[in-house]
Amino acid sequence: MRRLWGYISIITATIFFGISATLDKIMLSRMHPVTIGAYTYIIAGLFLFLIRDTPLREHVLDAINSEGEGETRIKRKDYLILILTALLGTVIAPLLFLTGLGDTTAVNASLILNIEVLFIILLGYLIFRETLQLKDVLGILLIITGGVYLLTEGEFTDIVRNVAVTGNFLVMAAAFFWSLDTVLSKFLSRKRDLIFISGVKSSVGGFVLLLIMLITGINTALPPEMLPYALGVSVFSIGCSFILIYIAIREIGASMVGALFPLSSLFGAIFAFIILREPFSVMQGISGIVMLTGVFILYWNGKNN
């Protein structure tokens, strides 16, 4: 029964995370990318700190630290890594993603984010000297194959002047910075209070983006009709997904979670197709499935990134 709850948790997390691109796309019709990033990460940080100050805190921390007692002390060098990962994962990456999303479809953006797994594997190999097996090479080739079509949208002759392709490459760049955040966060993964760490990361990113807004004169208004979408991304796509993922890791293991979480890209494409009425071609579907297969091969029975 507990394993069933693990599967329910990770599938719910993939749905919550998958819908974020669609909600972001809706907000982009009325708001600047910096404004969206600032408010969603500030709200996400507040939500995580709120969870930390409720009775839910110990239940969540026990789930996260089920394999043993985590480190309670956060050292000075940990704060340096925390600030660096906040800048990478909650400032640079969201800006690139939201800017790229403005030029491409939420369908494509959702599927392209699978490239993050490729970057995580390669960075893990370069930084931590993790070994690559034959199956890993196959998985990498599948991700590259599907990714090339999605990035270029099949336009191999005139990609420079294609605005949508530019947006696709910005999304890929965002995936790279998110992968850097993920890999460097490995140095913080043994800390007990990961709710605090995630809350700090979200808050730092949100307030840095808010500062950028004020300095550059970007419109700081959050239209009332956009508030539900901002809350949806902040509370569910960021906050709840974080908690559900760690609960799933406790119940079904990191490898299975890693293999299932990329389904969020498929859910994201489906949400964009249904809600935004965006085109979802057969070739996009095939490319997405090829990439998902590559990700599954990489994580199945081995990779615990």
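Using N, Cα and C of the backbone, Cβ positions are placed for all residues, glycine too.
Residues of the domain 'EamA' (4-149) grouped by DSSP class, helix first, strand second and coil last, total 116 helix, 1 strand, 29 coil. Residues annotated as domain 'EamA' in TrEMBL: 4-149 (among others).
According to TrEMBL, the transmembrane segment annotation covers 7-28 (among others). Long-range contacts of the transmembrane segment (7-28) within its own chain (CB-CB distance under 8 A, at least 6 residues past either end) are made by residues 36, 97-98, 101-102, 105-106, 109-110, 226, 229-230, 232-233, 236-238, 240-241, 244-245, 247-248, 251-252, 256-257, 260-261, 263-268, 270-272, 275-276.
According to TrEMBL, the feature transmembrane segment maps to 34-51 (among others).
Panel annotation: around the transmembrane segment (79-101), residues 21, 24-25, 28, 33-34, 36-37, 40-41, 109, 166-171, 173-175, 177-178, 180-182, 184-185, 187-188, 197, 200-202, 204-206, 208-209 of the same chain, lying at least six beyond its termini, place a Cβ under 8 Å from a Cβ of the stretch. Residues or ranges marked as transmembrane segment in TrEMBL: 79-101 (among others).
TrEMBL lists 107-127 (among others) with the feature transmembrane segment.
Taken from TrEMBL, the feature transmembrane segment applies to 134-151 (among others). Non-local neighbours of the transmembrane segment (134-151) in the same chain are 108, 111-112, 114-115, 117-118, 121-122, 165, 168-169, 172, 283-284, 286-291, 293-298, 300, 302-303; each lies 6+ residues outside the stretch with a CB under 8 Å from one of its CB atoms.
With a cut-off of 8 Å between Cβ atoms, the residues of this chain six or more beyond the transmembrane segment (163-184) that come close are 81, 84-85, 88-90, 92-97, 99-105, 108-109, 112-113, 115-117, 119-120, 123-124, 127-128, 147, 150-153, 155, 305. Residues or ranges marked as transmembrane segment by TrEMBL: 163-184 (among others).
Taken from TrEMBL, the feature domain 'EamA' applies to 166-299 (among others).
Taken from TrEMBL, the feature transmembrane segment applies to 204-222 (among others). Counting only same-chain residues 6+ beyond the ends of the transmembrane segment (204-222), those with a CB under 8 A from a CB of the stretch are 31-32, 34-35, 37-45, 82-83, 86-87, 89-91, 94-95, 230.
What TrEMBL records for 228-249 (among others) is transmembrane segment.
Feature annotation from TrEMBL assigns transmembrane segment to 256-276 (among others).
The transmembrane segment annotation in TrEMBL covers 282-300 (among others).
The average pLDDT for the domain 'EamA' (166-299) in the predicted structure is 88.
In terms of C-beta pairs under 8 Å, the stretch of 34-51, 107-127, 282-300 lying closest in packing to the transmembrane segment (256-276) is 107-127. Take the transmembrane segment (34-51) and the stretches 107-127, 228-249, 282-300: counting Cβ pairs under 8 Å, 228-249 has the most.
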